[in-house]
Structures are given as C-alpha cells and as structure tokens.
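To keep things clear, I will list the structure first and then write my remarks on it.
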C-alpha cells in the first residue's frame, strides 16, 4: 500500500508514460522537479531505440528503405543494418539497455521503500524506549513486588489484568478461558461470560503467548526472570521482586509497549503516504513526541483498552487513505480494512463511536462528489462484515447491534440505493445534500432507538444522558459519576494553548484552511457547470477532504469529553504532515525548498516541544500504597475464600485481582445491571438510614463493605462529592448527615468494624 505512494514523492524516479493517471493522489506534472540529465539520457535512449526498431521493421519490408532519412536511420549505425545476425545483435543491445534501465529504476524505487521502512522502524523503537523509560521512572516498576505491581494497576486496569492472571495460573489455557467465560467472582452471585461483557481478547491472546513463552523457555532450560530481595526501608518488611519476561506483569506491560512502538512506525508511514514525502512522516513523528502528553497515556496506564485498540485505528486509517486514493478497490484492500476494523473494535467498547464519525465523514465526502457511491458502498460492506464478526466473537454483545454505528451503516447503505431513484437528480445540487444529510441523521437516531426498544437493550442509555448533560445540564446519579471525573469533563482551556505553543495548532489550521478553501472553490465550480468537467479543473483529492472532516469530528468529541483528545491530538500530528504535500503547497515549493521549510518549522516546534519532553523525563517516582497493601494482606489472612466484598469501584478491582475474593461491583460501568448494583453499593455515601442500606447490601449477598472516608469528604469540583451526588438522586433525605460520616464514628449496631487504617475501614455485615 505504501509502494504506490512513492510515485508522488518529489524524490521518486521519473514516471513512465501514462503512470500518473494510475494514482489520483499524485501531484500534477508541472509541480515535479526536472529529472537528472543522466536519467533523461538513459530513458530517452531507450525510447529512441524503440522508435528505431519501428524504422528497421519498415526497412526490412523494403530494402531500398535503408537510404531513408529520419531519426530512426540516424540512431542505428550503418554496419548494423546488414544481415539477420546484425539485426539480432541490435535486438540484443536494445534488450540489454531496457533491462539495465528497468533494473536501475527498480533498485532506486526499492531503496526508497526500504529507507522509508527503516526510518519507520527507528521511530517505533524510539517511541518504545521512550514510553518504557517513562513508565519505569514513574513507578520504579522493576523493583516492585508482585502485590505492588498488581496494586499499580488501579481501577479498570486491575480488572482487566485479573483475567490475564486467571488464565496463566489455570491448569491449562482452555481451563483459564473457561473460567473467565463462567465467572462468579466479578458480579457475585451472577455467573457471567466476561468475554461477552468486557473486551478481554487482548488478555486471552497475551495469556496464550505468555504460556507458550514460559513453556518453550522451560523446555530449553533458559531462565526467564531474575528475582532478588528488595529492602524497602522505613520499617517495612523486605519483598521479593522479579524482573524479566517470565514475570507476568512485566511480560504484560512489555507487549503493550511494543505494540505502541509499532504504532509510531505506522504513524511515520501514514504521514509519509498522506503527504507524499518522508518529510511528512518526520513531521508527524516529531509533532507526536513534542505533544506526547496530549497524544497518549499508555506510559501511565498500560492496561487500558485504548492501549491495545488505538494502534489498529492508525493502521485502519492508513488503509482507508489508500483505498480512497486508488481508482478501483481490490479485494485484498477491503479484506485488510475489515481485519483492521475487527482488531480495533474487539479490544475497546468505545471504538464504535469513533467508527461512527468515520463513516459519517465518508458519507459527507461522497455527497460532495469526491468519491463515488460504489466505492463507499464497498467500504460500508467491509464495516458491516467486521461488525458482524465482532458480534459473533463477543458472543452476541447486544451493544454492537443497537449502536449508532450499526444504525448509521444501514441507513447510509439505503440512502446510496434509494437516493438516485427518489430524487432523480443528474447533477449534484445543494438541496440534495441537505436532504441526504437530514435523512442520515434522522434515520440513524430512529433506527438506533427502535432496535434498542425491540431488543430491550438499555446498556448504552448513559451515553445519551452524558450528551444531554453537556448541552442541557441534565443530571442523575450515573451521569454525575461520569461527568465529575476530569477525563469526562469538557476539554480544559489549557489544551489549545499547549497546542499553540508547540505550533501544532497553527500549522494544522493553515493546512485545514487550504484544504477547505480549495474544496469549496471546487464544489462551487462544479455546481455551476451543466455538463461534465475535466478532472484537472477541480480539487480531486477526496482523501484530504475526508481527513479535514475527520478532524472536525475529533475536535467535537475532544471538546465535549476531554478523554477523547487522544484521537484529536494524533490526528493533528498526521494533518501537520500535509505541510509537505505538493498537492497543497506545490506553488510554495517553487519558491522555497521543502526541506528548508520543514526543518524551519520543526526547529520552532522544538523550542516548546523539547521542554515538554524534558518535563516528562524529569518525572521520577516510586509506587507505594501502604494502606491498600495492609488492607489486601488482611483480607488474604482473615477472610474466607468465598467472602463477598463491596465498595468503591477502583478498590474492588484491586480486591478481585490480588485476593481473588468475590465482588458485587467493579469499574466496567457499561452495563445497566451493573450500574444499578453500583448505585446500591454507593448508597453507603448517601444520607439514607443505615438499616435500609444494610438490607439492600444483604440482598446482594455482601459480607464485607470497604468504606473509604476520602470519598465521603473529597470534592473534585462543586456538586461532585458523593453526598452531593446523592442529593440529586435522593432529594428526600437532603440535609441529613451522610451515612459514611456516621459509620466512620460508630458503625454499630448495623455494621461491625473489623479492620481500620488511615484510608480504609472494613465493615462486616452481621446476619440478622
């Protein structure tokens, strides 16, 4: 897929006649630099000999033609025109020159391709080293004990890692898979298929790799880890710490970092292909590093779903760009797109919303006439197949079929079929665009709610409530649990400022402005024409218009939900590569060398970018959470293996991971039933009577409740302490003393305090 792009590089070898038409993304011939004289002479010689061949064929039919004047006669020496042996020698000489010419062309093209891939590998290795060093510097992970490493995986991270741990500790791989498919620990007393409910295929794959790795190494007698005793000081007991890929947590994190190193290689290829120059790949990579803290959080939270999923979105966008550029889609490209979609959707429940914005952007590009409906239909078919495969692999996860993404795929497919028949407009008119756009919006929303109603699915109802809270201030318990977290708040005002300081935002605004200006000019021109117009008369680069529209979609998502800037910032870096594009700035490259422009921009970016990198490198810390360590050790020693626990979602993930005790709630909040359970568990922080809360906890089968006083008093922002959230949900008890405050003073008679330290209080629920 990258190979065809080399023809658009200003440093590529000269095109053969007709080759430019095979690549609609290629820059116009007037924007190309003159080829070197040596290359011209070689190619010209080959063409001259082919012409001479035609003259000799004429001479062979008429012996008197040997006296004919003309270019052919002038190019072939006189002695070579006599006899069949001479003709064979001429043919052999022509063949030799032709082979030499083609060989030189292929070698040069191959060398450029290999150079691109070598630079991509270098970028990937550099990013892998960078995030590995940041993670180690932040937590001193290599010197932590097994328990400390597990505690470092907080909230969702600990929940996901626990399933990896279950599989690798099971008697066999399939026993482990069976255990997570019939799980009673996560939502006691329910038995759930976690492969259906959660996105755990990364853990399944990594667990299989770990088991194979340790089995092979044990068979070969090669040690896989080194262990030693670490003295922690401060009166703490020494712990054993192991380092090497034989340690499960180290193996797990190492694979994630390798995958995200590969992601940076893809970014380099992506930027190179989109811009038509390796300088574009360089700009993409450097912008990513200069804005690293805004682009990713894999170095701080490796097990999150985005760490596994996002690299495949980069691959998918690269494949989609290739498909949009080529005139005819081949089956292999569609299969590759389908596979990349699957690898993107399987690990992450939020992937469907990103793909929704993608197909919406594609539909807009199609409406404006930049891609034909047949090509879009094939892309939609690939999306449908990948959605169906994910639905099957996730054992019928209903959220996939009732998503806006699935509804949008169906609606757009029908619009592409019905619009030409109903509207019967031969040329594109603005009113047709408006009708089709409104039909898509209304049809998608209607079909989504119809399928949810028919199938009785309410698992994603909180998504609509979150959006309502952004626009009309809607509030309920579940919505506030999201919006009170910083990552689900609006984008902070400092983020655009940081983009501006590294010049990322100004550069992208220039690129975006040029694309929009040329697209609008082209659209206005095409609407004013009554017939067909020449391809060269318009801005015929639908892939660039698509990237501009996708940038708008990502911007809206990031402004509404700060967490989603992990889509916006990397896409800004990719868009910045277009500063090297001849399609957009070919006129400027006549006046200034592209390399001069690019390195000047990078030098200015490096002023703030290097400071950002230095800030990351200066982060030095060591993970320690003694109160939670004391809690987990107490649970292991003083409670039965089947004792059931409830408490704050992040703590429950750690309890399940490190003690393997049953829990009734957890941090994976994308299920209506789980949200109802969590609401019951968090009633300890409400103002309800103690006996009512105890009764509801006993109905869930809870034996111990872990109370965290910090949740009772902490307030991230106005209206976001747990008692204040409950005031919205339970106004009848507003004004009373929170139950958590009463329990921290005296838990009797409804609860019995059996453990207490600076952060946690374990309340035993006596049976009545």
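Cβ coordinates come from backbone N, Cα and C, glycine included.
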Problem set entry | Annotated stretch (transmembrane segment, per TrEMBL) among the listed ranges 409-429, 430-450, 451-471, 472-492 | 430-450
Exercise. Pick from 67-89, 90-112, 113-135: which range does TrEMBL record as transmembrane segment?
Worked result: 113-135
Exercise. According to TrEMBL, which listed range is transmembrane segment: 377-394, 503-520, 521-538?
Worked result: 503-520
Exercise. Which stretch does TrEMBL mark as transmembrane segment, out of 222-241, 282-301, 302-321, 582-601?
Worked result: 282-301
Exercise. Under a criterion of three or more Cβ pairs within a distance under 8 Å and sequence separation of at least 6, are the transmembrane segment (544-562) and the transmembrane segment (354-372) in contact?
Worked result: yes
Exercise. Near the transmembrane segment (113-135), which residues from the same chain, at least 6 beyond its ends, have a CB less than 8 A from one of its CBs?
Worked result: 2-3, 6, 141, 253-254, 257-258, 260-269, 272, 278, 281-282, 285, 288-289, 292, 296, 298-300, 302, 616-617, 619
Seminar exercise, completed: Sequence-distant contacts of the transmembrane segment (354-372), meaning Cβ under 8 Å and at least 6 residues beyond its ends, amount to 313, 320, 324, 341, 344-345, 379-380, 383, 403-405, 408-409, 412, 415-416, 428, 432-433, 436-437, 440, 519, 523, 526, 540-542, 545-546, 549-550, 553-554, 557, 567
